[in-house]
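*Asks:* Supplied in structure tokens, the structure appears directly below.
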């Protein structure tokens, strides 16, 4: 144990002041890489190491071939790598941990694929546990480190980490202080989220070690203007799941009103303005859509439901399950509506604009449009997919991940960013992603390239000027929630 006069916190604070403090991210994916790049760019005196077992991923970062699209990533990467020169990417995980003073665990925690009761709901902690075991093997009471959960994890994971450390270390509390520090990134604006965070949540033990860890972590953010929220560790872990559940709930809430608006002649955009202008509610996440997607919302609600059911809180679990039910209902409703408009699917070409789950990202994980692509192909339609950033490989992987096997299907084409290829002789345009360019693109020119006899327009994001599109010769123009 360190003597009272020389606590681990004072040692780490001194290293921060002297520019000798090293942060290590275990995991070079979306969260780990972006968090590390922004820290390195904004804190020139900080040393940052990003490590991962995936050699191809590390090579991509070292070669400045970004594994995904994110606005402004290139600018921050350039500052960190070429100006500050204080970040490195490596597969040498044990060396990275050995050098570090604080360790971010940023590995994937996907839903379990094999579990009798928790299938698709319980978090698979395999990668997380492996990271913790490696970290435990590097424990040294002479060098106290802060171990930070950055991955989205079930509540109680801090106890899980402590158990793993205890299996490898006689006195784990002498080597590590376990902290929860969840990320609250929205893809497409993640860089801005990191530069100007609404809050930095830090969950620590309530003992002296925990209080000192909080003060040290605050020191990593001296160049950030943010609000620090210091809570107990369990609150921080559960807070991330609840935050995502609340955001998804807002999307399902506005989507639940879209069909009613279509029936009674109201506008779902008007409802969003009316409700969103209330300061108690706010305008964000009130845009009607074919469904929410992305790697987090459904997974985190499923995890929350599983936790509630595991604790016997079935009514609460049923409540949050309804958010997922509405999400699926919206996709099914809209798919059926499109299918019913065409008599001869095998002679019909449908063009989907957008496969990324939202605008300003290349991420296709849990894209709601995967459901539409497969459903239309199964009905016999020929489907073309256009997206300015998502690529065909990501499209194919996501279709398989969602259980939609298209390996033997011949009636689809991924057209990338080629508009002419996507719309030639097509019978319909279906807007599935809210890319800004889908608002301003030349639909008059596209209509001229489409089927002369019958062409329909389905705006599943409510982003186009319906009146303007009506004058372009489309037989029918559908705008979600109108």
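Glycine residues also receive a Cβ, built from the backbone N, Cα and C atoms like all the rest.
Just lifted these from TrEMBL, have a look:
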- 296: active site, nucleophile (ACT_SITE)
- 52, 109, 152, 187, 299, 365: NAD(+) binding site (BINDING)
- 184, 185, 186, 187, 240, 285, 286, 287, 288, 289, 293, 358: substrate binding site (BINDING)
- 351-466: domain 'UDP-glucose/GDP-mannose dehydrogenase C-terminal' (DOMAIN)
*Asks:* Within 10 Å of the Cβ of residue 365 (NAD(+) binding site), how many other Cβ atoms can you find? Include all protein chains, please.
*Replies:* 22
*Asks:* Among the binding-site residues 52, 152, 286, 288, 365, whose Cα is within 10 A of the Cα of residue 296 (active site, nucleophile)?
*Replies:* 152, 365
*Asks:* Quick check for the class: what is the C-alpha distance, in angstrom and rounded, between residue 365 (NAD(+) binding site) and residue 286 (substrate binding site)?
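*Replies:* Taking the Cα atoms only, residue 365 (NAD(+) binding site) lies 21 Å from residue 286 (substrate binding site).
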*Asks:* How many Å lie between the Cα of residue 187 (NAD(+) binding site) and the Cα of residue 288 (substrate binding site)?
*Replies:* 18
*Asks:* According to DSSP, collapsed to three classes, what secondary structure does residue 187 (NAD(+) binding site) have?
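*Replies:* Assignment for residue 187 (NAD(+) binding site) reads coil.
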*Asks:* Would you kindly give the Cα-Cα distance separating residue 293 (substrate binding site) and residue 152 (NAD(+) binding site), rounded to the nearest Å?
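*Replies:* Each residue's Cα considered, residue 152 (NAD(+) binding site) and residue 293 (substrate binding site) end up 17 Å apart.
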*Asks:* Provide the three-state secondary structure of residue 152 (NAD(+) binding site) computed with DSSP.
*Replies:* coil
*Asks:* How many Å separate the Cα atoms of residue 286 (substrate binding site) and residue 299 (NAD(+) binding site)?
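*Replies:* Residue 286 (substrate binding site) to residue 299 (NAD(+) binding site), Cα-Cα distance: 20 Å.
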*Asks:* Between residue 184 (substrate binding site) and residue 299 (NAD(+) binding site), how many Å separate their Cα atoms?
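*Replies:* It is 15 Å, counting Cα to Cα.
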*Asks:* Please determine which of the binding-site residues listed here (240, 299) has the lowest count of neighbouring CB atoms within 10 Å.
*Replies:* 299
*Asks:* How far apart, in Å, are the two Cα atoms that lie farthest from each other among 184, 185, 186, 187, 240, 285, 286, 287, 288, 289, 293, 358, the residues recorded as binding substrate?
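*Replies:* Site span for substrate, by Cα atoms: 24 Å.
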*Asks:* Could you tell me the mean pLDDT the prediction assigns to the domain 'UDP-glucose/GDP-mannose dehydrogenase C-terminal' (351-466)?
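*Replies:* Computed over the domain 'UDP-glucose/GDP-mannose dehydrogenase C-terminal' (351-466), the mean pLDDT is 94 on the 0 to 100 scale.
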*Asks:* Rounded to the nearest angstrom, how far is the Cα of residue 293 (substrate binding site) from the Cα of residue 299 (NAD(+) binding site)?
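*Replies:* So the Cα of residue 293 (substrate binding site) lies 10 Å away from that of residue 299 (NAD(+) binding site).
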